[in-house]
Structures are given as C-alpha cells and as structure tokens.
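Contents: one structure, followed by commentary.
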Amino acid sequence: MPSTLAVFLVLGLGLSQRSSTQKQMLSKPAIWVRPSFMIPKGRSATIGCRGAGEAMEYQLHFEGGLSALKRPKSSPVMNWVKFPIPAMTSHTAGQYRCSYRSGELWSELSDPLELVVTGLYDTPTLSVEPRSEVTSGENVTFHCQLATATSTFFLLKKGRSSRPQLRYGNLRAEFHLGPVTPAHGGTYRCFGSYNNHAWSFPSKPVKLLVKVPGDAGDTTFAPTEHTSSDYWDSYELTTGTQSQKDHLLWNHMIQNLIRLGLAVLVLVALMGFLLEDWLHRRKSQERAHRASRRGCRRRLRAQRALET
C-alpha cells in the first residue's frame, strides 16, 4: 500500500508540473505581411511578427519547418521583428507561422499566414452576367476562364477586407452572387490557380454597379469599401513598369546580341585574312626553298662534270 501511494504521488507531481508548464507557455504572437498576401512574382514582401512582453528571440516557420531566427532591436517600443522576402517565387509562397521566446519559455505558434505568388503562366478572362449594372435584389454571375489546364479559380473584390472566393471548374468557373446589395458593388478580378499558393496573372478588372430604386429615381451607389493602394494599384503600376523594364531589357539584349554577332563576323573575317596571308607566305617560302635546292643540285652536277 505505501508503494502504491508513492506511485500516485509521483504521477500527481508529474501531472502538476506538466500543467504548470503549459500554463506558463506564452501567448501566441501576431503575424502579418506587407504589402499584401498576394505578391507578384519577383516582388519583395515583408513578414512581421509581434510578441507580448520582453521577447528575446523570434522564429519564423515555413510549411512546418524552421525558416529563420531573429532578435529584436533593444527598443521597448518596437517589440517586433521583420522577416524580409527579397523576391517572391513559387518556392517562397506557402504557409507561415511565427513564435517568440522570453527567458526560457517559448510561445505558441501564431495563426497561419498564407502567402500567394501571382503572375504565373497565363491571364484569365472575367465577365459578368446579365450585365455590369444591375438593380439591388438581382442575381449576377461572374465567369472566369483560363485556357491552360487548371480547375481552381479565385474571385477577389477590391478592398482591404476582401477575401477570395474559391470555385472549381474545367477551364472555367462560375461565381454566383445574389440577391445583390450596394455592398456587392466594386471592382472584381479573377485568378486561375495551379496550387493553393501559385496563381496566374490577374484578369482585367470588371466593375459591378448596383442601383437602388428610390422615389427620386434610381441612384447608383459607388462601392462602399475602404480601398487601399496596396496590391491592386501597385500591381498595375508594377506590372506596367516591369513590362517596360522587360521591354527595355529585351531591346538591350537584342542590341548586345547584334553587336556580338558583328564582332564575331569581323573576327572570323580577320582570321580568314590572316590564314590566307599565312598560307600565301608558306607557299612562297616552299617555292623559294625548292628553287634553292634545285640550284644547289645544278651547281653540284656542274662541279662534278668539270672534275671529270
């Protein structure tokens, strides 16, 4: 009986210590990304992680594995760190979490942060039925189509709080909205997806206007959304600027190739001239050598004839 009591005491002590350790675990940090969770291929982004209390060290986890370590600056006001992503690719897109350490204790992992790389492969087309201007209470359908082989599509409305809608289809998908209200008004784009974190270029924008009938006639409501010039505007600016840069780079590359080709032609021609001159000199030297040998033989024969 005493031995059994001792076993229960040991088990109880262990459970108590484990419970105490769990209670001492730090609260999970906050994680975010700038400028947006959708990042065009090649563009940079920054992941932020903020812990509570005196955080001494931060860890960034990518797809379940440890990605980076960082210590915050010695400032009590900015108790957070930044993890930069220099250039977004399909290899850096995915799910991120972060954690922090204070003393000997580590926090829980943060909520997941899903980063998506866009600008891969082709561009889908987006249309709306029955029309882009409708009356409140009607039903509308967005059609997103992509020629390449994909069965996953996302529809996204411009706005800070907008979340993408997911649909599946064979090269195309339908997004049904309705009955619509003025809150549905706004600018929409769609994407084709090759996996959850690799999206196509965005479609051209389609603007939906929702009218509300009133006593004084129909009133068209502008989109009641708090838009920001983060992803949407900067994407158009960046892709336009990038296309100009690509065009200039391509022209510069073509010019360099032309110059290189001309230089090669000049070098080949020069080598041809040098080779021809070398062959001409060699033939002249061989003819002179043969003539000299023939002259020597004639002199030897004449000398022998005189001796005899």
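Glycine too: its Cβ is placed from the backbone N, Cα and C atoms.
Keep in mind it's a predicted model, so treat the numbers as computed, not measured.
Annotated features, as they stand in Swiss-Prot:
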- 1-21: signal peptide (SIGNAL)
- 22-259: topological domain 'Extracellular' (TOPO_DOM)
- 34-118: domain 'Ig-like 1' (DOMAIN)
- ASN139: N-linked glycosylation site (CARBOHYD)
- 260-280: transmembrane segment (TRANSMEM)
- 281-308: topological domain 'Cytoplasmic' (TOPO_DOM)
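Within 10 Å of the Cβ of the residue listed as 'N-linked glycosylation site' there are 12 other Cβ atoms, across all protein chains. Counted with DSSP, the domain 'Ig-like 1' (34-118) comes out as 0 helix, 46 strand, 39 coil. Computed over the domain 'Ig-like 1' (34-118), the whole-number mean pLDDT of the model equals 88.
Taking DSSP states H, G and I as helix and E and B as strand, the topological domain 'Cytoplasmic' (281-308) has 27 helix, 0 strand, 1 coil.
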